[in-house]
Amino acid sequence: MGTCAASLFASAAFSGAALAETGQPSPWQINLQGAATPVMEQIHSFNTMMLIIITSIVLFVLVLLAIVVVRFNERANPVPSKTSHNTLIEVAWTVIPVMILVLIAIPSFRLLHLELNIPKADMTVKVTGHQWYWSYEYPDNGAFGFDSYLVSEKDLKPGQPRLLAVDNEVVVPVNKIVRIQVTSSDVIHSFAVPAFGVKIDANPGRLNESWFKVTREGIYYGQCSELCGRDHAFMPIAVRAVSEADFAAWVAQAKAKFASAADAAGKLADAGETAGPLAR
Ligand SMILES: [Cu+2]
């Protein structure tokens, strides 16, 4: 039974790691999704470091408890010591945890700085959350925009994951720094793509910023991560990272396809208003 569970655990971890590469969750996945951006790689390292630290602490406390149980139970130690203070130990159990926290804080703040300090962006995508779908605008690529809806179960094409596939994917070039500006037209949503290490709230009336640089071509799925109402579970995010040439080709056809949306954005811009659903 134990071996069976262990092998199940191992194979689950294995398949989880393998499938996680594709930017979507996998059955029995126990670890974070595979990293597709430098930020997510850092999150992985930080997570591993934390896992080592907390496991060591748990084992250390477990050993101490075992020693107490064996050596100081009533039978082994019938006459207990009346010691109530030990300065050395008291200083140690204060100073050592502080040192551990500092050890954790340094890489933690470094990671936060990497996530929150947006480098000079190659392009911007504006993301707007709605009840219950996302819309995307490309202000640097001809100011077109489009809505992105869940593909319902009966319309799924082979290879499209249930509850994650969308009709219009966000397309971005690989190895380019993409800044995302995130807002909402109604309630608070949250734009989250696990493989990118990105999770940022979409607040009405406020523009939040984040960034990612996808290092491998592929499709990466995410979900709204702030409970936003009835269909919160049905507003997935799908980001397709392609080569620069493929991105240029996609922009050309997307501009034509979403021409009406671009017109609307243009009119709003002429009127001196911000493009996007917030201005409606
Ligand atoms: Cu939501």
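The backbone N, Cα and C atoms fix where each Cβ goes, glycine too.
Curation does not apply to TrEMBL; its annotations are automatic.
Lifted from TrEMBL, the feature list:
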- 1-20: signal peptide (SIGNAL)
- 24-119: domain 'Cytochrome oxidase subunit II transmembrane region profile' (DOMAIN)
- 44-70: transmembrane segment (TRANSMEM)
- 91-112: transmembrane segment (TRANSMEM)
- 120-253: domain 'Cytochrome oxidase subunit II copper A binding' (DOMAIN)
Check the domain 'Cytochrome oxidase subunit II copper A binding' (120-253) for me and report the mean pLDDT.
94
Residue distribution over DSSP helix, strand and coil in the domain 'Cytochrome oxidase subunit II copper A binding' (120-253):
22 helix, 61 strand, 51 coil
